[in-house]
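Quick notes on the structure that follows.
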């Protein structure tokens, strides 16, 4: 009995909860199919009107409208207008248009609602037709102004603005914002200056525009001129400073903010993360959570935190897992409307070495960008097999990013043939793909093939990237192939309009000419450079130093300091090398001291070896040995190898034999089969006439199996480098190649009997 009673009560409550829906169905009958689909977001009567409008039942729709009672003080036309706007915003524009036609009454607000619906749905022909026929106010004109700006028709927008019979601050702001959005900052500034009155929105629009169009200095000036700032203003400036890398100033401004919202916090957290200050990003997030007026993170906050956790690497992988757990437990994944949060989590796991977790996320929701992230991580770990397996899933899509990643992976592994095979199969290759292939050929020392591929790239109608040229110039410099370097320089001049003064490219040209022995050409390019960075100065100083032009190198170093550029460790390596090759001991010691004390640059092992070389070349072997004894670290084989080599140069020094033997003993303790060390000691003994010791050392080399790597030389003929090893029987072939180039065939016949001397490296 009790069970029956409970059942009846439950049935009653169920019926009661459905009374409204049932009564509607009884009144209109069950002839309306898919009634439920029209209920989403609408009341019963709104859904029924929408259905009738959709079916063309205008009489029924009008009947329903007339039956709607006046709701309190709300006029019926206001309600109808609100309903029309609601239909238009939710995608039922045709139904909204029919409603507009059947409405018993309309006013200008109704017309503006319909006009806005047309514009938002990009039905511009209908929008213009209505605009021409309807009564207009400032809102109507502003709606059409927005439409023109959204279409990128800035000039038409300005013309329409000039025709407006009346304007308000919203109209002015709409035009300013539209011009900025279309990249016309100059015109936007003119309109901004002409505004009769400005509000904070006007100022914020200009500040944001300057920040996004490389005008941070102008944004700073406007920010300083503003009498009234709001949270948007402050947040824009924080974002701007972070965007341009001045995180310290961004944080100072953030701390001064009178109020903050989630966007402000996120701007600063993101700024830390994108500038690789990952710990600071996480610490600021914790501070945000402790704030009295704590705010919930949004999607951008979580994305930045995920990248910060990934940036901290393997050691902080647990932190990333905790973040993911928080995302799930707090339901934050529901804010990931565009999938960017999921991608950032994949990146986080991949960067932290938890590739299985990244792969698991990918399997839950496959995404091409996430797939590329994991492929890159597999390749970085040298796991070609897993990268290939994942690549097979996206191979048919011919996505350039994934294909280029695999090409790069094969090249890194030295598998040039597979890389080139994939390169040839990829349709619609872009400049990045070509550059990766060319760079890989250079990396695998296939310099002629790399230069040939550049020619193919140009023939295909693609303009090489500056990075492409830089790679090839680097290869020309590495092989001292001046002809190839000049050829690339000519291609640059032909393919780059008005010779784009790219700093990296100019630096590469300076370096290439210097390494190829054309120091005057290098200096000519350097002297014409409008902008010079530290790399520019370093390339030229190193070039002069390697050519034995110590005075010019040191004078250029002084010019660099006078220009306000700060030297770095590479700069000092160049000037110390210059001093070493010219025997300028006092100057070298002064520079070494200034490096540490004046510029607070910690010397590296190369700097210490330069100082050893400086002392040794000046014949001060004992001082060089004492210098090594005072080093702030335990010397390795390169240090003792340098000293041993200097003993070979100074074998006449009375201390040479003892120093050489001590250096060799330490060197061979560290590296028992070090070939250069054995050979250097043999040379010292030979110079001193100690042939018995030399013979003993060579015998020891034989027992240990120590073999000196033969020196090599090369000559470029018809664009191809021909390499010859020391002691190679093909030396006569080298003679046949080189002599016609320098002497001509007739001279070759005359000099046929004379031996050919080649430079070895």
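Just so it is clear, glycine is given a Cβ too, placed from its N, Cα and C backbone atoms.
Annotated features, as they stand in Swiss-Prot:
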{"type": "TRANSIT", "residues": "1-28", "note": "transit peptide"}
{"type": "REPEAT", "residues": "76-110", "note": "repeat 'PPR 1'"}
{"type": "REPEAT", "residues": "111-136", "note": "repeat 'PPR 2'"}
{"type": "REPEAT", "residues": "137-171", "note": "repeat 'PPR 3'"}
{"type": "REPEAT", "residues": "172-198", "note": "repeat 'PPR 4'"}
{"type": "REPEAT", "residues": "199-229", "note": "repeat 'PPR 5'"}
{"type": "REPEAT", "residues": "230-264", "note": "repeat 'PPR 6'"}
{"type": "REPEAT", "residues": "298-334", "note": "repeat 'PPR 8'"}
{"type": "REPEAT", "residues": "367-397", "note": "repeat 'PPR 10'"}
{"type": "REPEAT", "residues": "430-464", "note": "repeat 'PPR 12'"}
{"type": "REPEAT", "residues": "465-495", "note": "repeat 'PPR 13'"}
{"type": "REPEAT", "residues": "533-567", "note": "repeat 'PPR 15'"}
{"type": "REPEAT", "residues": "604-634", "note": "repeat 'PPR 17'"}
{"type": "REGION", "residues": "639-718", "note": "region 'Type E motif'"}
{"type": "REGION", "residues": "719-749", "note": "region 'Type E(+) motif'"}
* Asked: Counting only residues 6+ away from its ends, which parts of the chain sit with a Cβ under 8 Å from the repeat 'PPR 17' (604-634)?
  -> 569, 572-573, 576-577, 579-581, 583-585, 588-589, 592, 595, 640, 642-643, 646-647, 649-650, 653, 655-656, 659, 662-663
* To do: Sort out the residues at least 6 away from either end of the repeat 'PPR 15' (533-567), same chain, that have Cβ-Cβ distances under 8 Å to it, and list them.
  => 503, 506-507, 510-511, 513-515, 517, 519, 522-523, 526, 573-575, 577-579, 581-582, 584, 587, 599, 601
* Structure fact -> For the repeat 'PPR 8' (298-334), the DSSP residue counts stand at 32 helix, 0 strand, 5 coil
* Residues sitting near the repeat 'PPR 4' (172-198): Cβ under 8 Å, six or more positions beyond its termini, same chain? -> 142, 145-146, 148-150, 152, 154, 157-158, 161, 205-206, 208-210, 212-213, 215
* Tally of residues which DSSP labels helix, strand or coil - the repeat 'PPR 6' (230-264) -> 26 helix, 0 strand, 9 coil
* Residues of the parent chain within Cβ reach of the repeat 'PPR 13' (465-495), under 8 Å, 6 or more residues beyond its termini -> 431-432, 434-435, 438-439, 442, 447, 450-451, 454, 457-458, 502, 504-505, 508-509, 511-518, 714, 716, 719, 721
* Structure fact -> Restricted to the repeat 'PPR 3' (137-171), the mean pLDDT of the model is 91
* Which range out of 76-110, 298-334, 430-464 gives the repeat 'PPR 6' (230-264) the most CB pairs under 8 Å? -> 298-334
* Structure fact -> Grouping DSSP H, G, I as helix and E, B as strand, the residues of the repeat 'PPR 4' (172-198) number 20 helix, 0 strand, 7 coil
* Asked: Taking a Cβ cut-off under 8 Å, which residues six or more beyond the ends of the repeat 'PPR 8' (298-334) line up next to it in the same chain?
  -> 262-263, 265-266, 269-270, 272-274, 276, 278-279, 281-282, 285, 340-342, 344-345, 347-354, 357
